[in-house]
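Take a look at the structure set out below.
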Amino acid sequence: MKLYTDQNLYFFWILFVSKIYLYSIVIGTLYHKTENSLIVRKTKKMKTPPFLKPGDKIRIVSPAGKVKEKFVLPAVKWFEKQGYRVELGEHVFASHLQFAGTDRQRLEDLQTALDDPEAAAIVCSRGGYGTVRIISKLNYSKLMEHPKWIVGFSDISILHACLNNHEMATIHGAMPRYFFDKEGTPNENLQSLMQLLTGKGASYSIPAAQGDRQGRTTGELIGGNLSIISSMQGTRCELNTAGKILFLEDIDEFLYHTDRMMHQLKLSGKLKNLAGLILGSFTDMKDNESPFGKTIHEIIAEAVEEFSFPVCYDFPAGHDGKNLALAFGKKWELDVTKTHSTLSLI
């Protein structure tokens with residue numbers, strides 16, 4: 001008797017193909033493209049680098065714009081006085097065009113710092129422009145073996161995004177030039193940074209601001225400079241914002257540029273599934289001879305009006321002097337009320 005007819009073989013073939021298809025869907029949940037992101041992310045727990053203690057090494061590098069010694073050396077002296085060892089990148093004060101050395105020099109310094117098993121933190125000397133020119137050439141394998149804190153803001157936002165996508169927590173915070181007041185006394189920027197670096201946590205409370213949208217939420221904090229985040233769309237460093245609290249700040253941008261970038265985030269789905277939104281300082285914003293007609297608050301309010309997540313305006317972080325440190329990739333609680341907003345590290 002014939003056990004397998006042509007019809008049976010066809011049935012078994014369809015069943016086999018169906019199983020392979022279903023299996024691929026299951027595997028695809030680990031490596032997939034969502035409506036919110038082009039980033040391929042593994043479902044792993046976020047790595048938190050060890051907190052600093054006296055005797056640890058801090059490396060200072062310049063991955064972007066060139067910097068003068070007078071803006072960095074006071075920070076070196078202060079760190080050493082607190083008991084830390086400080087090592088400067090070989091080309092930290094180099095100059096090539098507007099950069100701190102050539103792309104190769106900046107890449108070598110940053111890669112050396114990332115690979116250093118003794119380093120507990122890497123502090124970027126300044127922002128400016130240039131990190132994007134070397135970001136694709138970085139190798140994070142040794143950093144994953146020996147996690148360390150990366151500190152900086154502005155142009156360093158692209159480094160935060162890439163490392164957060166690699167499940168590594170980072171710190172959006174002031175850089176050496178902004179550590180001290182006019183008398184050379186450590187300011188709140190440095191104090192808040194050291195609170196996070198040494199594991200003492202953070203809880204900030206600010207007065208209510210115009211446009212705040214009340215609510216309480218928790219989520220992983222990500223973000224940085226709006227212009228940088230906008231430029232990362234479609235790249236490996238594109239942010240995955242779903243379920244996250246997004247922080248944004250910017251400087252020296254035209255109002256209509258800001259409006260366009262906010263609508264870009266909206267159209268690409270980056271605002272749709274946010275847990276919350278925090279707006280830092282938008283410093284020295286510019287307008288055209290023919291006025292755009294809307295303030296920063298109005299531009300952002302319009303972009304997020306159809307969503308219901310809490311929104312906190314005027315958070316003291318960014319380019320406007322006061323720059324409170326924020327741990328990106330870590331969970332925070334945001335509570336926006338009629339009288340104040342509170343942001344606390346969980």
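Including glycine, each Cβ sits where the backbone N, Cα and C put it.
Pulled from TrEMBL, these are the features on record:
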- 12-32: transmembrane segment (TRANSMEM)
- 58-173: domain 'LD-carboxypeptidase N-terminal' (DOMAIN)
- Ser154: active site, nucleophile (ACT_SITE)
- 218-334: domain 'LD-carboxypeptidase C-terminal' (DOMAIN)
- Glu249: active site, charge relay system (ACT_SITE)
- His319: active site, charge relay system (ACT_SITE)
Translate the DSSP assignment of Glu249 (active site, charge relay system) into the three-state scheme.
-> strand
Rounded to the nearest Å - Cα separation of Glu249 (active site, charge relay system) and Ser154 (active site, nucleophile) | 8
Going by DSSP, is the residue listed as 'active site, nucleophile' part of a helix, a strand, or coil?
-> helix
In the domain 'LD-carboxypeptidase C-terminal' (218-334), how many residues does DSSP assign to helix, to strand and to coil?
-> 28 helix, 34 strand, 55 coil
Quick one: pull the CA-CA distance for the residue listed as 'active site, nucleophile' versus His319 (active site, charge relay system), whole Å only.
-> 8
Cβ contacts of His319 (active site, charge relay system) (under 8 Å, same chain, 6 or more positions away) | Ser154, Glu249, Asp250, Ile251, Ser281, Thr283, Asp284
What DSSP reports for the domain 'LD-carboxypeptidase N-terminal' (58-173) is 48 helix, 25 strand, 43 coil
Over the domain 'LD-carboxypeptidase N-terminal' (58-173) the mean pLDDT stands at 99
